[in-house]
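This report refers to the structure that appears directly beneath it.
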Amino acid sequence: MNVKNINWNYTKVISFSWIGWLFDFYNLILYSFLMLYIPDEINLTDHQLALIYSASLSVTALGGIILGYLSDIFGRKTMIVASIMIFSLGVVLCSFAQSFTALILFQLITGFGIGGEWAAGHTLVNETIPKKYRGSASAFIQTGAPLGAALAAVVGSFLTPIIGWRWSYGGSGAVSLFFAILMIFFLPESPKFLIFKAEAADEMKIVEDDEKERTIPRGAAYIRMTLNHQFKDLKKVKLSLLLGIILSFFALMAYWVIFSWAPKYLKSILDDASWVGKITLLAQLGAFIGYLSFGFIADITEKPKITFFSYTVILATGATVFAFAGTNKGMLILSFIIIGLGTGIFSGFGPLFAKIFPQKVRATGTSVSFNTGRLGTFFAPLIVTLMLNSKFGFSGAIILGGIFALIAGLWIFLIPSVDTLEE
């Protein structure tokens, strides 16, 4: 990306969206490390630990859909800030949990907030950044995910044994809340949304001028009018919605089947627990390269779907190596680096969804597509625990994750090739 051609507003949008996604993913991954220590204070079974994770992952879908819809009414910036504040509150509350019920409730609050940030952030970036830089900008935003996961690995593997899981939760929530407050003052709103809001206000004025008496408050009327428009526009793109949901489902299932239980599994087979953090960090290094390279290749070749498919093949290859690596540290390291590279597929979701959904429902369509697909991730940790107790074992679960990735790679060719951002 040529920095000389990007003004200060672009820099703030990219930087804050990146920070938001970093803490979004950090707090989502953190639990997979802290659940190694939580049973020391709260008596939880593996099934309960998996259920907490599944519940927090699945509720991200609900949060994403609701906050994504609100983003089309109140603005991208507003919902980015609100999302971060909600999951920061949930994370802080987790530090006070004394029971299974309390922990799952607070993880649900965390998951709800986490769900809303991705769609609002990517919509803001794709509505603000010029077309020629969108792929690279979205790819850069996605690098917040591996860095967030790497930070979770550092905190969970190296800091938590010293300070305890409660302080890890509390400190994490406080830091992300600090950045949310900064965004209130420094993050600009999407210019396309501001234009849309002005047009909607003009439409409201026309409606009011035609009425002798307005029987409902202006704010309520605006929301009702916007809701009516959204339902009409969503009906026009219902096929794109369905295809996007299925694409997200298989891609996210691939990711979470592989990663949700990986720290616990690695700890059980390796003689040195510190290797859990080391291998995870190397995976995130691969992911960082994967996210950046995906955006660069997609922009240069102008063939994002072929790029997406190629990266799902890389992801499936890494999963296969992991499945048969056993306790061989060299093979485990290699497999996680390859898997990390393959997760570059997620750099393609933001630009793809921004193109296929029109302005009035862009954040809603993006959020519904990605986050409804997230509903399937409820089953990912549970699938792994079921496979662990079957003849297929953990290796079978990982291979299944690779199969999910390949299905997503083929499915993307069914997504319509349109670009509503240029309309």
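The backbone N, Cα and C atoms fix where each Cβ goes, glycine too.
Nobody curates TrEMBL annotations by hand; they come from automatic prediction.
Noted in TrEMBL for the protein shown:
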TRANSMEM  21-38  transmembrane segment
TRANSMEM  50-71  transmembrane segment
TRANSMEM  78-98  transmembrane segment
TRANSMEM  104-125  transmembrane segment
TRANSMEM  137-163  transmembrane segment
TRANSMEM  169-187  transmembrane segment
TRANSMEM  239-259  transmembrane segment
TRANSMEM  279-301  transmembrane segment
TRANSMEM  308-326  transmembrane segment
TRANSMEM  332-356  transmembrane segment
TRANSMEM  394-415  transmembrane segment
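Long-range contacts of the transmembrane segment (21-38) within its own chain (CB-CB distance under 8 A, at least 6 residues past either end) are made by residues 44, 49, 52-53, 56-57, 60, 83-84, 87-88, 91, 103, 107, 110-111, 114, 117-118, 121, 141-142, 144-145, 147-149, 151-153, 155-157, 160-161, 164-165, 168-169, 172-173, 175-176, 179, 259-264, 267, 276-277. Residues of the same chain lying 6 or more positions beyond the ends of the transmembrane segment (279-301) and with a Cβ under 8 Å from any Cβ of it are 132-140, 142-143, 145-147, 149-150, 153-154, 157, 262-263, 266, 307-308, 311, 314, 329, 332-333, 336-348, 351. Taking every listed stretch (104-125, 137-163, 308-326, 332-356, 394-415) in turn, the largest tally of C-beta pairs under 8 A with the transmembrane segment (239-259) is reached by 394-415.
Among residues of the same chain six or more beyond the transmembrane segment (308-326), those with a C-beta under 8 A of the stretch's C-beta atoms are 251, 254, 258, 269, 290, 294, 298, 332, 334-345, 348, 394-396, 398-399, 401-403, 405-406, 408-410, 412-413. Outside the transmembrane segment (137-163) by six or more residues, the chain places 1, 14, 17-30, 32-34, 36-37, 121-122, 125-126, 129, 171-172, 263, 273-274, 276-277, 280-281, 283-288, 290-296, 298, 340, 343-344, 346-348, 350-351 with a CB less than 8 A from a CB of the stretch. Outside the transmembrane segment (394-415), and at least 6 residues removed from its termini, the chain residues within Cβ reach (under 8 Å) are 240, 243-244, 246-247, 250-251, 253-255, 257-258, 261, 265, 305, 308-313, 315-320, 322-324, 342, 345, 348, 352, 356, 383-384, 387-388.
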